[in-house]
Amino acid sequence: MEDGFSSFWGPVTSTDRCEKNYVHSSYIAEFFNTISSIPGILFALIGLINALRQRFEKRFSVLHISNMILSIGSMLYHATLQRVQQQGDETPMVWEMLLYFYILYSPDWHYRSTMPTFLFFYGVGFAIAHALIRFEIGFKVHYIVLCLLCIPRMYKYYIYTKDNYAKRLAKLYIATLFLGSICWLMDQRRWDPKIVHFFGVFPYVKIQKPKSQ
């Protein structure tokens, strides 16, 4: 625990991110990392309502529900910094990417039962391995690889669509994926990050690099 409130959840047993712990509440370890998941829940709820209203295929409704579960799991992890909650955040991340993979590739997959069966056992196998072994950089690289595997199929949709706005969204996705991956991999560098406020209102991360860098 760092300077601030006492920890309601006990000692930190998960990977500790760059944000100071229990600054704003004894129930929330990483305040800003926790509340940043709230928009994910709201957007997923909007997507689910839209999918149901327009009677999309069930796989899209499942995807939006998965997004909500993932955001809730992320909130629990960053609020508690406990290993079990970290697994409850990271394992659904992989499951969701497997679901994305299925949604993107299944329409043209000739052996319809093969893909979901393989992805199911892959997801179960990962969950068991992740429960027994601590993954650090390995998990991050694995997740990024899963994201990259979705890009070829997205590119096919990109070149066939005539909607310019959809193309801009695709470019934005690639850019944010690349930037987010770099930030995620660099999260544990010893740059003494601190949360400061712009004009005393808007929080952002300020880093202090060691003199050797």
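From the backbone N, Cα and C atoms, a Cβ is placed for every residue, glycine too.
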In TrEMBL, of the candidate ranges 61-81, 82-102, the one given as transmembrane segment runs 61-81
Ranges in play 12-30, 31-49, with TrEMBL marking transmembrane segment at 31-49
CA pair Asp16 (Ca(2+) binding site) / His78 (Zn(2+) binding site), Å rounded to integer, equals 9
In whole Å, how far does the CA atom of Glu19 (Ca(2+) binding site) lie from that of His78 (Zn(2+) binding site)?
10
Would you identify which of the binding-site residues Asp16, Glu19, Glu30 has the most other C-beta atoms lying within 10 angstroms of its C-beta?
Glu30
